[in-house]
Amino acid sequence: MSWTVPVVRASQRVSSVGANFLCLGMALCPRQATRIPLNGTWLFTPVSKMATVKSELIERFTSEKPVHHSKVSIIGTGSVGMACAISILLKGLSDELALVDLDEDKLKGETMDLQHGSPFTKMPNIVCSKDYFVTANSNLVIITAGARQEKGETRLNLVQRNVAIFKLMISSIVQYSPHCKLIIVSNPVDILTYVAWKLSAFPKNRIIGSGCNLDTARFRFLIGQKLGIHSESCHGWILGEHGDSSVPVWSGVNIAGVPLKDLNSDIGTDKDPEQWKNVHKEVTATAYEIIKMKGYTSWAIGLSVADLTESILKNLRRIHPVSTIIKGLYGIDEEVFLSIPCILGENGITNLIKIKLTPEEEAHLKKSAKTLWEIQNKLKL
């Protein structure tokens, strides 16, 4: 097949050569137009349309309109970020997964690795970029990136370095996904959830810290091990600050509705002959043990975050101990984020459960709030 197309000089009118540029523009791909920069001359070299495997295989039936779908973005592709990614993928929780990281080689490598495994998952669309535009229109954004504590560094200095990082991340997230929910995983999670709330100006229900969701899972697992019962049948809560100063609510621990405190009134105290308080000590020590042995924690927190993601995207209205603002509760007057039982759904945190605490448990919660507020008060936002 051969086509003849006139060469049009810049000095000539379109009508004088009988060429319709609008039609040409529609018919030709810009890459099939070669510019000759001589005397204002442009030369178009058309190429005949050739059949492709795709065109021979697929018959166009109708035009497709954009369909609303769910999208999750993860900021940070370190060990925690990738554990979150694979956990969400295996649960098939979203139609699209976007990954963001400044380490472009690692980002591309991790993404390709996941993409090649996508035939075994229910999420075929996995994208990545170091630019936040790839997160546009996310339903949920999970932040796992942040600075790590250096040897001898104060907690305040670590938080302040993370504030600088969060300022860049949050502004970009808000720009591209102004209606998303945020899950903060980076540590110290309670303070950084507060920072994300302040920087984003999002309503409080859309800012969620992973908080004590994992602490509570560890608590139930260890209780189950001690009793020889599956952890799903062990009901108990770890509240307050994620980490060393978390509060075990022994007054609420029960198995099949039987409160353990009814069987052992001193459970969880120094007077307890069975020393159940060691269960909570093990909860707080476990992370350090894992880090000592393998260098970091990843899988448990990844599965925990996927659990939160499922409750939000599927609007399950399940109860999770996540970090949220608790000003006005339990005698706390400061704007601090601590973990209490929250109902999670498509709007984020929809309701709080007013769990009854003993005076001792409430005192521990207030102490955590005071410690956090002393640090938050010194932050430069």
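FYI, residue positions are counted from 1 along the chain as it appears here.
Note that Cβ sites are derived from N, Cα and C of the backbone, with glycine treated the same way.
Just one of Arg60, Arg148, Arg317 is listed by Swiss-Prot for the same NAD(+) site as Asp101, Leu102, Asp103, Glu104, Asp105, Lys106, Asn187, and that one is Arg148. Cβ-based neighbour count (10 Å, all protein chains) for Arg218 (substrate binding site) stands at 21.
Spread of the substrate binding residues is 25 Å (greatest Cα-Cα distance among Arg155, Asn187, Arg218, Thr297). All protein chains shown were included, and the count of other CB atoms within 10 Å of the CB of His242 (active site, proton acceptor) stands at 28. Checking each of the recorded positions Arg155, Arg218, His242, Thr297 against Asp101 (NAD(+) binding site) by C-alpha distance, the shortest gap belongs to Thr297.
Comparing Leu102 (NAD(+) binding site) with Thr297 (substrate binding site), their Cα atoms are 21 Å apart once rounded. Within 10 Å of its Cβ, the residue among the binding-site residues Asp101, Asp103, Glu104, Asp105 with the fewest other Cβ atoms is Asp105. Within the same chain, the residues at least 6 positions away from Asn187 (NAD(+) binding site) whose Cβ sits under 8 Å from its Cβ are Gly146, His242, Gly243, listed in sequence order.
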